[in-house]
Amino acid sequence: MKVAALFLCGLALATASPSWDHFKTQYGRKYGDAKEELYRQRVFQQNEQLIEDFNKKFENGEVTFKVAMNQFGDMTNEEFNAVMKGYKKGSRGEPKAVFTAEAGPMAADVDWRTKALVTPVKDQEQCGSCWAFSATGALEGQHFLKNDELVSLSEQQLVDCSTDYGNDGCGGGWMTSAFDYIKDNGGIDTESSYPYEAEDRSCRFDANSIGAICTGSVEVQHTEEALQEAVSGVGPISVAIDASHFSFQFYSSGVYYEQNCSPTFLDHGVLAVGYGTESTKDYWLVKNSWGSSWGDAGYIKMSRNRDNNCGIASEPSYPTV
């Protein structure tokens with residue numbers, strides 16, 4: 001990890017600490033030289049202080065969720081945003097079909113994990129391929145509902161093979177473009193046959209290893225009511241969110257609400273796998289792709305019915321099979 005051209009002010013000269021040593025051991029950190037390690041330790045110490053200060057707000061009832069140290073502890077928020085996102089800005093083309101809310105009865109809470117149609121949490125690593133993980137997650141769910149078979153699908157194939165559809169591998173992409181590619185390609189390979197490598201490679205699709213097919217995609221009407229109906233009646237839904245904030249980088253537990261979140265600046269693709277209410281606070285249950293050590297075992301509860309916080313209902317979609 002290169003030393004960024006950034007200097008942290010107001011920090012004393014870093015000295016060895018048990019928490020820093022534990023962090024390096026836990027996440028296998030090794031740095032190029034002493035200068036870089038000193039810089040990373042200073043970043044870690046600053047994040048450690050920010051986490052402590054934030055959790056005091058939780059204890060005082062000022063916020064509804066907690067944060068905790070995780071694998072991003074030696075990254076500034078700017079570095080984190082440059083590396084860990086991947087939902088592209090700009091036009092994605094016109095949707096081929098739209099799901100609209102019908103104001104019918106819906107379950108009070110949904111968790112598709114309990115129906116065994118959600119694969120374990122995956123890890124995109126330092127590659128902006130969130131869009132691929134969101135897309136495979138939605139297709140894995142639809143494939144299960146139709147075929148009663150849970151198959152983990154290849155994100156690496158989407159990274160390598162869908163560039164003609166506007167996607168840019170680790171440089172970012174769109175879930176709807178991934179669905180279009182899978183449809184036109186005649187399917188997507190299983191993860192076991194085409195494993196994830198967290199880097200752009202040449203396309204190695206094998207028609208003999210297809211795990212699922214896709215017949216098209218549907219864009220959900222951009223309201224939380226429609227998204228709730230889709231999650232309840234259709235299954236896990238691909239969504240894009242604003243995940244640019246320190247609070248998201250280190251989210252740990254509780255119902256996430258970020259007052260500075262944008263409903264239109266969407267930079268991260270994730271998967272809505274349910275919804276519910278916790279201590280009177282409505283939430284969306286969201287599967288992330290940063291491994292199980294992030295958040296609540298790889299998941300986050302995001303505020304629901306709070307003016308589309310973080311844009312979760314701004315661009316939902318799902319594949320058809």
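Glycine residues also receive a Cβ, built from the backbone N, Cα and C atoms like all the rest.
What you see is a predicted model, and the numbers here were worked out from it, not measured in a lab.
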Disulphide bridge to C203 as given by Swiss-Prot, partner from C161, C170, C261: C161
Of the recorded positions listed as C127, C130, C161, C170, C261, the one whose CA lies nearest the CA of H268 (active site): C130
Candidates C170, C261: member of the disulfide-bonded residues with the richest Cβ shell (10 Å): C261
From recorded positions C130, C161, C170, C261, C310, the one whose Cα lies nearest N288 (active site): C130
Residue among disulfide-bonded residues C161, C310 with least C-beta crowding, 10 angstrom cut-off: C161
Number of Cβ atoms other than its own within 10 Å, given for C130 (active site): 28
Cα proximity to C161 (disulfide bond), best match among recorded positions C127, C130, C170, C261, C310: C170
